[in-house]
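S.K.: I have a structure I would like to understand better, so I am pasting it below and will then ask my questions one at a time.
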Amino acid sequence: TVMAAPMTNDQSWFYALALGVSFLKCLLINAYHSTDFEVHRNWLALTHSLPVSQWYYEATSEWTLDYPPLFAWFEYGLSHIACFFDKEMLVVPNLNYASPATVLFQRLSVIVADVVFFYAVKECCKCLREDKGKDLLGKPSFILTGLLLWNFGLLIVDHIHFQYNGFLFGVLLLSIARHCQNRHFEGAFLFSVLLNLKHIYLYIAPAYGIYLLRCFCFTQSNAVLVTLGTIVLSTFAVSFGPFIGQLPQVLSRLFPFKRGLCHAYWAPNIWALYNIADKAFSILGVKFRLLDINKLPKASMTGGLVQEFQHSVLPSVSPLATLVCTLLSILPALFKIWHRPNGARGFLRCLVICALGSFMFGWHVHEKAILMAILPLSLLAVDSRKDAGIFLMLSVTGHYSLFPLLFTTQELPIKIFLMLLFTIFSLASLKTLFRKGGALLNPLEVTYLLGLIPLELICEFVYPLTVWQKTFPFLPLMLTSVYCALGVTYAFIRLYNSLLTCSDTTKKTKMQ
Amino acid sequence: MENWSLFSLCVLLGLTSRWAVSFHSYSGAGKPPMFGDYEAQRHWQEVTYNLPVHEWYFNTTNNDLNYWGLDYPPLTAYHSLVCAYVAKLLNPEWVELHASRGYESHSHKLFMRATVLFTDILIYIPAVLLYCFYFCDGSSKQKVATALCILLYPGLILIDYGHFQYNSVSLGLALWGILGLGLGWDLFGSLAFTLALNYKQMELYHSLPFFCYLLGKCIKQGLTGRGFFQLAKISLTVLVTFALCWMPFLSDPKQPLQVLHRLFPFGRGLFEDKVANTWCSLNVLIKIKTLLSRETQLFLSFALTLLFILPSSLKLLSKPNLWQFKLALVNSSLAFFLFSFQVHEKSILLAALLMFFLFVFFHSMLPLLVKDGLLLPYVVTSLAFLFLSLYLLSHLTRTNEPLFWYFPFHFWFSLVAMAVLSFTSVWLEPPAKFPDLFPVLVSILSFLHFLGFIIYFNLVQLMEPQRKKSQKKTN
């Protein structure tokens with residue numbers, strides 16, 4: 001039966017969902033938080049206590065400022081509110097200071113900053129094609145809101161682990177929404193702001209660059225190109241202006257290439273598979289006497305802040321090599337967009353591929369970066385069947401790969417409940433949305449996803465009770481990385497496939 | 001979306017809120033020498049594991065009844081024993097006789113919270129799901145909404161996962177009892193309710209309606225024929241269940257008497273702490289506690305409880321159908337709460353189980369929760385619950401009026417009053433002459449509400465106004 005909701009209540013479900021998730025976030029205030037909490041407290045302290053010229057030189061704490069200047073200004077702004085909660089947190093030497101007031105303030109700042117994300121999601125919903133008279137639970141905008149506002153990855157990374165991704169992704173999604181609404185100047189401006197907030201979004205800058213150049217600049221007058229350039233450059237100028245004298249120092253903080261190929265916990269990308277292949281070859285090689293165990297370089301793949309390691313059998317990988325691989329992986333997508341732009345949908349698909357390609361082949365990638373692919377993909381998922389299938393594969397796998405971020409026993413039920421919540425919601429709602437036309441996932445994909453359950457049981461319940469826990473403590477992490485890397489690679493291939501084979505179906509696309 | 005996915009989403013939301021609340025403090029955390037209910041439960045595990053059965057309820061050198069002596073029926077003791085076995089496996093220090101007094105650690109807290117979650121998933125949540133599925137009328141969306149509201153009820157969450165208790169077991173078993181009766185499985189229902197009664201004696205609040213409903217049903221079937229057999233079967237079930245639960249205590253006549261003495265401590269006086277019942281409120285005007293003798297107090301409370309419970313029960317006896325049964329449950333538990341002897345705040349949970357607007361009850365627990373350091377979860381869960389229930393209510397009822405006009409003005413007035421009172425209790429200092437001003441105000445306000453509820457629901461049950469496709473549903 002159709003819910004007889006009066007027209008005045010048309011948007012109230014949005015606020016219900018937003019308020020509900022905010023309440024949940026408030027309940028999680030007391031949960032475990034990682035070292036990222038101390039990172040941001042340190043940045044609050046140094047932006048508040050030190051003059052601007054010292055911000056990028058300050059090194060009392062090991063967690064030096066490594067985000068671009070606009071984010072530093074953001075922390076500076078926050079620090080003025082922090083005064084009212086606990087002045088002690090703003091003292092730089094107070095390392096690892098975490099009084100209840102500090103925790104409350106920092107957590108609340110993330111929750112409040114998410115308002116930007118809420119607004120962006122609302123704008124994105126306006127870009128969707130709506131069918132009137134549909135049941136609320138089957139409306140694409142409702143499903144998209146659920147997929148974005150209640151995204152498992154964002155919840156646990158932002159509100160437990162502690163980061164400000166909600167706010168940043170809000171700016172990204174808003175920029176995408178503006179492009180969908182043909183307000184390109186605002187979109188470009190927002191993206192420049194985003195780059196100056198967190199430079200990891202450079203991953204997707206090529207997509208923006210090619211799309212804007214192609215769709216916008218050459219078709220219209222040069223004045224447009226000039227305006228765009230002015231907007232971007234002035235944003236950077238405002239951001240980096242005060243630091244113009246210390247530019248080399250700032251850049252060295254932003255791009256610390258001294259770190260190793262992989263993080264202590266391997267992100268589920270190509271290099272995880274590469275590492276495991278290398279290990280397998282070396283073991284097999286030693287077993288079959290093809291290699292001398294004494295001549296192999298000791299591969300230490302884990303441990304420490306800086307992991308320099310050599311591969312034993314396969315050639316070692318340098319930062320330049322990863323850059324080349326990344327560029328090669330995203331070049332076909334960029335060509336496709338240049339050659340045959342498919343409007344905003346094509347741009348979005350290219351954006352996701354750039355994010356995913358950089359994730360797959362990048363240097364020292366964090367597993368959290370998978371969110372950069374999953375969140376924009378949600379927009380595509382509510383629009384087409386194929387994308388919904390890819391989204392399910394990528395989101396379930398990607399979210400599962402975030403599990404090792406929360407390794408405490410207390411958070412174990414939370415991450416399992418929330419993961420199930422999001423997975424069931426996305427499966428059921430997308431299935432309802434695309435009920436005509438068969439299943440969203442083929443049996444092989446379903447088997448792979450179901451395989452995550454025994455994997456979780458083994459890694460978190462069975463393995464810790466065995467003797468190997470002491471001798472090979474990183475084995476569960478390795479297993480998780482490798483298993484998820486398979487899923488992520490598969491999703492990447494399928495996304496490329498759908499980009500390269502999709503024709504210019506201009507009559508179907510609403511977003512032009 | 002399919003029903004199973006909606007229901008599982010509700011369950012997962014309920015479980016997540018429960019576990020998230022459990023991160024916060026518990027009753028008596030870090031407060032020697034007595035600590036609180038958390039320590040009481042741990043102590044019972046220690047006692048039941050280390051001492052033989054016949055010593056559990058007695059004051060011996062090994063078992064000091066003044067330090068959280070067992071005062072719940074045997075089923076709680078058995079439950080503690082099972083938990084103690086698990087505790088012993090994980091870390092024997094948790095249940096070491098005497099040495100583990102006041103034991104507090106992060107891993108122990110996780111263990112204790114996990115035991116609550118386990119029993120909740122096992123007993124309470126399936127009962128709620130089945131109840132909503134079979135006994136709520138309305139579309140499947142309304143059923144799911146009801147399940148969500150019940151599962152997110154802050155009172156139970158905060159008392160069980162915050163303050164620390166196992167109310168979900170007794171409430172869950174009572175709910176299974178109601179389910180049994182509703183599905184026509186009288187024996188199963190009686191069994192479940194008897195188990196609930198043997199878990200917490202507070203379930204006596206619900207016993208009269210159960211009794212009257214079943215008796216009335218048997219009478220209707222004819223006391224000389226099938227009715228008599230039915231009555232015999234039910235009585236046998238109840239008696240056998242009681243016997244099985246009390247078996248270890250039946251060897252010696254002193255045992256059951258001592259247990260009963262522990263369960264019903266008439267020596268403790270008319271009330272303790274600030275509770276939203278009649279006596280506490282009346283005490284503000286007339287100092288009953290000191291004015292009347294102990295026997296008079298006992299008699300008075302008994303008489304008034306009976307008075308308030310009689311009309312409802314008689315009506316149920318004459319007309320044993322499910323709707324009457326549900327209302328009688330509400331009225332009975334309210335009556336007991338308001339008028340009986342030695343009532344604790346948490347007793348109101350029983351009436352709450354069946355009420356639609358549980359918010360008032362929850363608010364009345366504010367002083368207790370503040371004492372436990374649970375202010376943040378209180379605010380968050382109560383706001384969430386309030387918004388959720390109002391939102392769902394406004395959407396699932398076919399009304400075109402704005403929500404504001406739908407509820408009578410005194411509803412909004414109550415909400416404002418409760419909000420103001422919550423705010424002042426936390427932020428303002430009470431005047432020196434009346435240090436307990438705010439808890440007492442909370443109790444009185446809640447009491448007035450409850451009094452209003454009991455009168456209202458009695459009227460509804462007795463007069464049976466024309467039941468339209470009701471929007472103000474009493475579940």
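Easy rule for this one: first residue shown is 1, then count along the chain.
Any Cβ shown, glycine's included, is placed from N, Cα and C.
Pulled these from TrEMBL:
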TRANSMEM  A:12-33  transmembrane segment
TRANSMEM  A:97-121  transmembrane segment
TRANSMEM  A:142-162  transmembrane segment
TRANSMEM  A:200-217  transmembrane segment
TRANSMEM  A:224-244  transmembrane segment
TRANSMEM  A:313-334  transmembrane segment
TRANSMEM  A:346-363  transmembrane segment
TRANSMEM  A:414-434  transmembrane segment
TRANSMEM  A:446-466  transmembrane segment
TRANSMEM  A:472-493  transmembrane segment
S.K.: Please tell me whether the transmembrane segment (A:313-334) and the transmembrane segment (A:142-162) touch - that is, whether there are at least 3 C-beta pairs under 8 Å between them, with each pair 6 or more apart in sequence.
M.R.: no
S.K.: Examine the transmembrane segment (A:346-363) against the transmembrane segment (A:472-493) and state whether at least 3 Cβ pairs sit under 8 A, considering only residue pairs 6 or more apart.
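M.R.: Taking Cβ pairs at least 6 residues apart, the transmembrane segment (A:472-493) and the transmembrane segment (A:346-363) are in contact, with 3 or more under 8 Å.
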S.K.: Between the transmembrane segment (A:224-244) and the transmembrane segment (A:200-217), are there three or more C-beta pairs closer than 8 Å, counting only pairs 6 or more apart along the chain?
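M.R.: Answer yes, regions in contact.
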S.K.: Any residues 6+ beyond the ends of the transmembrane segment (A:472-493) with a Cβ under 8 Å from its own?
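M.R.: Hits for the transmembrane segment (A:472-493): 265-270, 272-273, 276, 301-302, 353, 356-357, 359-360, 370, 390, 393-394, 396-398, 400-401, 403-404, 448-449, 451-452, 455, 458-460, 463.
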S.K.: Within the same chain, where does the transmembrane segment (A:12-33) have neighbours whose Cβ lies under 8 angstroms from its own Cβ atoms, ignoring anything closer than 6 residues to its ends? I mean 6 or more beyond.
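M.R.: Residues packing against the transmembrane segment (A:12-33) from afar: 98, 103-104, 107-108, 110-111, 114, 118, 122, 125, 136, 142, 145-146, 149-150, 155, 159-162, 406, 408, 410-411, 414.
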